[in-house]
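Participant: What follows is a structure written as structure tokens; I'll ask about it next.
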Amino acid sequence: MEKIIIDHDRFLRTISRISHEIIEKHQTLDDLVIVGIKRRGAEIAELLQRRVEELSSINLPSMELDITFYRDDLTLVDQEDKMPVYSGSSQYLNIQDKTVILVDDVLFTGRTIRAAMDALTDFGRAAKIELVIFVDRGHRELPIRADYVGKNVPTSRDELVQVRTEKQDGCYEVAILGK
């Protein structure tokens, strides 16, 4: 069973709202960089970057972050001798003394974010890391909390939350899949 909880229009309104929140929280955007976790987090980061630029005329430096080898669940990912493929980060971005806006699609256990923070250290020591999550579904296993949340969606552990993006899925929407 599938239930659409965010449609295309609401998806883009959520991007706009989060962009406004980022701008409002910072007196200046000069030391901000935006980093999206591949794949859907990176596409959401790109949407946020474009919207922030539309609103402020400032183009935030950005990159896509591949956390493949920083994950602590590689043995779970490695099914039937299929090793995960590291595609690399889109570019090198020096984050030394910058405020990093880290973006991902769904916050669940917190393990992906922990892996992303580990991966970020390869790019310098950030002054601060702020977290943007499009959907927070709860069930944390690590003490991770988002600074900006598109939507809080209480779920059961059996349900799956899918954030669908144009490049990956051909549309912008969020669905819950369950029994």
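The backbone N, Cα and C atoms fix where each Cβ goes, and this holds for glycine too.
Keep in mind that what you see is a predicted model, and the values were worked out from it rather than measured.
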Participant: For the substrate site that Swiss-Prot assigns to R39, R40, D104, D105, V106, L107, F108, T109, G110, R111, T112, R137, which of V52, V161 is also named?
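Facilitator: My reading of Swiss-Prot gives V161 as the candidate in that site.
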Participant: According to Swiss-Prot, motif 'PRPP-binding' applies to one of these ranges: 100-112, 165-177. Which one is it?
Facilitator: 100-112
Participant: Using a Cβ cut-off under 8 Å, which residues of the same chain at least 6 positions beyond either end of the motif 'PRPP-binding' (100-112) come close to it?
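Facilitator: Residues 22, 32-37, 40-42, 44-45, 48, 60, 65, 67, 71-73, 120, 126, 128-144, 146, 149, 161, 163, 165.
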Participant: According to DSSP, which kind of secondary structure is F108 (substrate binding site) found in, if we only use helix, strand and coil?
Facilitator: coil
